[in-house]
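J.: Got a structure here, written out as structure tokens. Questions coming.
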Amino acid sequence: MTSSWLDLQVVWMAINIFLFLWFYFFYDLGDQFFYTRHILGSALAWARAPAAVLNFNCLLILLPVCRNLLSLIRGSFMCCGRTMRKQLDKNISFHKLVAYMIGLMTAVHTIAHFLNVEWYYNSRLGKYDDLSMALSSLDDSGNTTFLNPIRSTTTTPTLLVFTSVAGITGVIITLSLILIITSSMEVIRRSYFEVFWFTHHLFIVFFAGLVIHGAGRIVRSQTTTNPLHNATFCKDRIDDWGKIQECPVPQFAGGFPQTWMWVIGPMILYVCERLLRFIRYMQTVKYRKIVIRPSKVLELQLVKNGFKMDVGQYVFLNCPAISQLEWHPFTMTSAPEEDFFSVHIRSQLPEGELGLAGKIFLPSLPVYGPFGTASEDVFDYEVAMLVGAGIGVTPFASILKSIWYKFKDSNPKLRTRKIYFYWLCRETHAFEWFADLLQLLEREMEERGMGSFLTYKLYLTGWDQSHANHVMVHADADTDVVTGLKQKTNYGRPNWDKEFEQVRKENPTSVVGTFLCGPAVLATVLSKKCVKYTDVDPRKTKFYFNKENF
């Protein structure tokens with residue numbers, strides 16, 4: 001976990017704690033709630049403080065999934081520190097974090113209000129003291145306004161919940177949230193995507209109920225009267241209410257609904273986001289070329305009017321012939337300098353079936369994007385370490401292609417002077433579709449006398465005895481028996497301590513960007529190595545970790 005991400009969480013949590021405590025003591029100590037607290041006790045504050053935290057987090061929950069907005073912000077912050085931009089790559093993690101807080105605060109808010117309704121009911125039945133009974137007996141007739149929303153002894157707590165605005169919307173909100181959270185579990189999201197997709201769109205019902213919920217004004221406070229009703233003086237003089245000047249009949253009113261003011265902005269932004277997605281969905285995408293690569297990898301080269309991309313960005317693809325609901329992210333493997341954009345898709349189908357599908361049936365393929373990722377910042381570093389695992393090499397294909405074009409065109413804006421590329425694969429065939437690009441780069445670097453610009457190391461993490469025997473027979477060959485490259489394939493996993501030590505030694509005063517597209521386990525390892533090998537002296541080598549997040 002990076003320190004900047006931790007800092008963001010600390011700030012977010014601090015705001016939550018502040019809001020909770022502020023509103024807790026506002027309702028627990030405020031004079032206007034003296035009589036309300038007499039009936040409800042501390043459950044009043046325990047209901048209202050979570051509501052304030054809910055408002056704050058409902059303001060935040062939609063923003064991390066406004067991908068076009070995030071891409072716009074990322075572009076706007078190009079002149080600012082990389083730390084600010086890196087936080088945008090944690091959007092889904094932050095979305096989940098906010099969702100957990102909404103779930104927790106909803107539970108506390110709901111439990112507290114269940115207690116409140118029960119105490120309102122008991123007060124109406126006269127089970128408590130005379131003051132509670134007197135307050136519960138006030139109604140809207142004459143010059144009084146009620147405090148207790150249970151207006152009759154025949155109104156049970158259950159009846160109040162299912163007949164009041166606050167009660168009905170509360171039930172709808174809670175049920176929607178339960179379905180959203182439970183269907184978001186990893187096992188359901190991966191195995192039953194349609195269930196996840198449909199239930200997640202209950203957020204529309206959730207937000208509609210949230211906006212209406214406060215209109216019930218079920219929590220009421222004492223209003224100012226003339227003359228003033230002093231609760232501390234009059235609470236023991238119930239019989240004198242309205243008879244002496246010092247104790248007029250107390251007046252009460254519900255608070256003005258505020259939730260809509262918190263969420264209206266994000267809701268408008270999200271509607272704009274969805275409109276933009278729909279517009280892009282309707283734009284025609286044409287197939288330029290389909291290439292069946294080894295290891296069941298399908299390369300799609302696509303063309304779309306007005307499409308512009310940057311290195312390492314990704315798009316969402318939808319195949320309506322399979323499912324109109326499923327949109328999946330794919331990192332683009334093309335370079336910005338090319339007149340098309342491409343994605344590489346790892347398929348579970350046999351290659352023969354892929355070939356048949358490619359020749360006979362070309363389904364429509366809506367695309368929306370592109371969206372920014374951490375890899376966009378790769379050329380902001382003088383030195384970059386690129387680590388790809390399996391098909392996770394795709395963002396680095398885009399980067400390496402772009403470097404090839406920049407060298408070909410002698411681009412003077414290329415700031416990067418050294419790249420270390422690591423690719424980890426379980427099977428030999430996985431290297432084949434990417435080897436041609438590495439061969440191009442090898443030749444280009446040699447022709448320009450820049451053989452040291454790109455250092456790449458390929459690691460095969462799975463092999464059998466027959467393969468080992470084949471390698472031993474051709475051990476003296478000039479090129480690698482797996483890839484055909486001059487750089488020989490390594491067997492096993494990298495010794496990351498050794499690799500980081502080497503990079504630090506070769507670049508003693510550089511800022512090194514470490515980029516990963518791969519599993520979380522590897523991300524944890526590399527993140528720790530970046531911290532370990534960053535020098536405390538600001539004039540010496542520093543490592544910054546970046547991970548692809550979709």
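Backbone N, Cα and C define each Cβ position, glycine as well.
Quick paste from TrEMBL:
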TRANSMEM  6-27  transmembrane segment
TRANSMEM  39-63  transmembrane segment
TRANSMEM  97-115  transmembrane segment
TRANSMEM  159-183  transmembrane segment
TRANSMEM  195-216  transmembrane segment
TRANSMEM  260-279  transmembrane segment
DOMAIN    277-377  domain 'FAD-binding FR-type'
J.: Same chain only, please: residues at least 6 beyond the ends of the transmembrane segment (39-63) with a C-beta under 8 Å from a C-beta of the stretch. Say none if there are none.
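T.: For the transmembrane segment (39-63), the nonlocal Cβ contacts are 15-16, 19-28, 33, 69, 94-95, 98-99, 101-102, 105-106, 108-109, 112-113, 115-116, 119-120, 123, 128, 132, 135-136, 147-148, 203, 207, 210, 219, 258-259, 262-263, 265-267, 269-270.
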J.: Where else in the chain does the transmembrane segment (97-115) make close Cβ contacts, counting only residues six or more beyond its ends and a cut-off under 8 Å?
T.: 9, 12, 16, 40, 43-44, 46-47, 50-51, 53-54, 57-58, 60-61, 64, 157, 170, 173-174, 177, 180-181, 184
J.: Who are the chain neighbours of the transmembrane segment (195-216) in space, where the CB to CB distance is under 8 Å and they lie at least 6 residues beyond its ends?
T.: 58, 62, 164-167, 169-170, 172-173, 176-177, 179-180, 182-184, 188-189, 254-255, 257-260, 263, 267, 325-326
J.: Using DSSP, what's the helix, strand and coil tally for the domain 'FAD-binding FR-type' (277-377)?
T.: 20 helix, 35 strand, 46 coil
